[in-house]
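For reference, the structure discussed in these notes is given below.
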Amino acid sequence: MMMNYSSIRVSTTFFLTLLWSYAAIAKLLDPSLSLSQMRNQVFPNWMADVLAFALPFLELLLVTLLLVKYTYKVGLYLSTLLLTAFTLYIILVKLLVFDRVPCSCGGVLSEMSWTQHLFFNLFFLALSITAIYFEKLKHSPADAIAERRNMGNKT
């Protein structure tokens, strides 16, 4: 069980860190483009301005949280929350809830359609939810008892 958990944790950390790093760096390298793309969404300009400024720093915070052992779970939960918000937004766009369909812009992802974007997000969302599931399994009472027994056998 520990081998599976370990590989899932490493894979999740790798992929989510790659995702958030890319997203943050792309926004920080060209803040005017990032702001323009955010203003092309359905949000009011004041909200687009706040999001264009705050998102790259939130994404870098997520990278840090995911890479530090003691904050990994917080990073995982916050990643899942942010991915859920992004995914719900895409679903609302696909359902034509808004007055218009905004561009699906964002670096390399700008070449993706909203449907491709949705599947991309669902992949990362499933990855983070799977990691949370294994995180909970790792800390189950049965595992704690087994761990104590193994520690007793080593002495």
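Cβ atoms here come from the backbone N, Cα and C positions, even for glycine.
A TrEMBL annotation is a machine prediction, not a hand-curated record.
TrEMBL lists 12-133 with the feature domain 'Methylamine utilisation protein MauE'. Mean model confidence of the domain 'Methylamine utilisation protein MauE' (12-133) amounts to 93 (pLDDT, 0 to 100 scale).
Look at TrEMBL and you will find 50-68 (among others) tagged as transmembrane segment.
The transmembrane segment annotation in TrEMBL covers 75-98 (among others). If you look at the transmembrane segment (75-98), the same-chain residues 6 or more away from its ends with a CB under 8 A from one of its CBs are 12, 16, 20, 42, 58, 61-68, 104, 114-115, 117-118, 121-122, 124-125, 128-129, 131-132, 135.
What TrEMBL lists as transmembrane segment is 118-134 (among others).
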